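Structure first, then comments.
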Amino acid sequence: METGTSIDNNSYEGIKNGSWFIQFRNGCNPWMARYVYGLIFLLANLLAWALRDYGRGALTEMRKFKNCKDGGECLGTEGVLRVSFGCFLFYFIMFLSTVGTSKLHSSRDKWHSGWWFAKLFMWLGLVIFPFLLPSSIIQLYGEIAHFGAGVFLLIQLISIISFITWLNECFQAQKDAERCRVHVMLLATTAYTVCILGVILMYIWYVPDPSCLLNIFFITWTLFLIQLMTSISLHPKVNAGLLTPALMGLYVVFICWCAIRSEPVGEICNRKAEGSSKTDWLTIISFVVALLAMVIATFSTGVDSQCFQFRKEENHEEDAIPYGYGFFHFVFATGAMYFAMLLVGWNIHHSMKKWTIDVGWTSTWVRIVNEWLAVGVYIWMLVAPMVLKSRGTT
């Protein structure tokens, strides 16, 4: 028994350190499994999009479902919500069945990494199941999905901030401190330069008239938040350096740009959106890139379970799982709600144009609030040690 376990552990070590091709060639293992789950998630996204934009071609088939009322309530926004609900159920069941897994070669590890034919049929059944439900239940799910999508954004936010903090700590831990300091300064300077350039371009593109007060507020407030993060990071009692606020600055500028881009087509202050109101190759490419970026973001967040551990300790046990299975599936479950909100513009009573994603005033304000929340969480991570320490001494 011990020899068999040793062989399994050695083979798993080879798979872990090998290329993605080796991970796939060696069949059922947790490193290969995460890519398969990501592919299933991408297929669900594409199915939801197809029902929203081109579902009329399937109208005859949809009439077979009694709760679709001649097919109308299974297409468009409701079609997106039904596919999202099925995808959520699949990943939530996987979450419940794998949460707490800690060892390789256990029954739950084998369920997570294998049984693909059974899970494929389960996924198909769960995607079809919501089309048998009445519209009222789907509308209720749509309301709950707002909350679930918010949870996903929060998890993604903490994951990104944790990565930025980890990157800064890696630079500070380098043996050649002097040369490392030069690299940090170059990276921080480049990041701040891109931030300033991004702010200038947003003023040019999205403030064509002095009456665009809301866009002026969004962009100017973003600039203020970058300055605030930098000032707190450089405070003598914090002393977190320039790199983390610079990278956070890039992040909040990007979110601000996405928020303004989400403003409805036809607004006088969003000429970029007006210019792309016709479906052309650039609109299609932008949609595909946004869809893939969302899937990649869900995948990368799902494997980063350590960002929610207060003490990040390396587990050197040979049979320890490489990432938290339960957390991984929970992120994908909330990601299913998130992609539904993007495809319906965060408004379940709103119809979207073809080849558009995350457009509407609700989408804009969700992005803006997400930006402000990101800055708040980052500042708290900077000052929390100092605040908690002062409370402990009183």
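Cβ coordinates are placed from backbone N, Cα and C, and glycine is handled just like the others.
Summarising the annotation, TrEMBL assigns transmembrane segment to 35-54, 75-94, 114-133, 145-164, 184-206, 213-234, 240-260, 281-303, 323-348, 369-388.
Only sequence-distant pairs (6 or more apart) were considered; of these, at least three Cβ pairs between the transmembrane segment (240-260) and the transmembrane segment (213-234) are under 8 A, so the stretches are in contact. Between the transmembrane segment (213-234) and the transmembrane segment (75-94) there are fewer than 3 Cβ pairs closer than 8 Å, counting only residues 6 or more apart in sequence, so the two stretches are not in contact.
At the 8 Å Cβ threshold, with sequence separation of at least 6, the transmembrane segment (75-94) comes into contact with the transmembrane segment (323-348) through 3 or more pairs.
Within the chain, the transmembrane segment (35-54) has long-range Cβ neighbours (under 8 A, six or more residues past its boundaries) at 20, 23-24, 74-77, 79-80, 82-84, 86-87, 90-91, 94, 116, 123, 127, 291-292, 294-295, 298-299, 328-329, 332, 335-336, 339-340, 343-344, 352, 354-355. Away from its own ends, the transmembrane segment (145-164) comes close to residues 81, 84, 88, 244, 247-248, 251, 297-298, 300-301, 304, 306-308, 331, 333-338, 340-341, 346, 348, 366, 370, 373-374, 377-378, 381 of its chain (Cβ-Cβ under 8 Å, at least six residues beyond either end). Nonlocal intrachain contacts for the transmembrane segment (323-348), taken as residues 6+ away from its ends with a CB within less than 8 angstroms of a stretch CB, comprise 30, 34, 37, 41, 44-45, 48-49, 52, 77, 80-81, 83-85, 87-88, 91-92, 94-95, 98-101, 108-109, 112, 139, 142-146, 148-149, 151-153, 155, 262, 290, 294, 298, 301-305, 308, 356-360, 362-363, 366.
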